[in-house]
């Protein structure tokens, strides 16, 4: 009984791959395997120990995940590369003994001491933490938060923090990122979230805008209508009518020098009155952060162009 090899090649045989480029010495054909690139005629070794830059094929199994981790983020001073040492439980959720908990506490203390290589990094970490807190309180998107963090980094590199509060510059960076992205937030909305007074936040933003030349577009009144309508619980019909009133007011030229949030609230109040929606002047003023007299003044202006 004759036997034959069931496979076309042995398992330890190198896979030969041809290339289109000829040998630089004799012009003969070139063969490439997993270790080297050799000319088939003259035996010249053209390349060896090449790196396989192709994709890595493996099982897509959550239990065997490798080289995974959180993505890099500008919202942390080290881009998110620092190690976080847990406490209380291990990776399986099992409670740790008292001796291991004390050991982890000592490791966390030493790791915290080694996080900051300089005072500059410590100030950067404090400022970015403040930015994350303010962005979370305002419900900003991660992209706006990351842009605010990058703006704070630029301000620190340009030495704009010298003689100024870190908290004020952090709040100013958040407001600057909102302005650059066309978000309907005023400095009156951002400053109360900061740990310093509004005057210091305004001064810090003025420095940022003048020194860095922020590309801040003009504030548009129609940007405030959707957010105020959501806060006041207005219907889509009322919101659309308020947006129409804003367009009419801009065309009539009565919006010059007005408080944008207050005028948008007045448009919502007028639209609610037209559609018999339950919205009072006090509620509209509270949502916009203005007085009732401001709502009435803008209402009278709107009545002059509507009639």
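Glycine is no exception: its Cβ is also placed from the backbone N, Cα and C atoms.
Note on Swiss-Prot: of 19-47, 77-105, the range annotated with the feature zinc finger is 19-47. Shown in sequence order, 23, 25, 26, 28 are the residues of the chain, 6+ apart in sequence, with a C-beta less than 8 angstroms from the C-beta of residue 42 (Zn(2+) binding site). Between the listed binding-site residues, namely 23, 26, 39, the fewest other CB atoms within 10 angstroms of a CB are found at 26. Those same-chain residues not listed among 23, 26, 39, 42 yet with C-beta within 8 angstroms of the centroid of the Zn(2+) site C-beta atoms are 22, 24, 25, 27, 28, 30, 40, 41, 43, 44.
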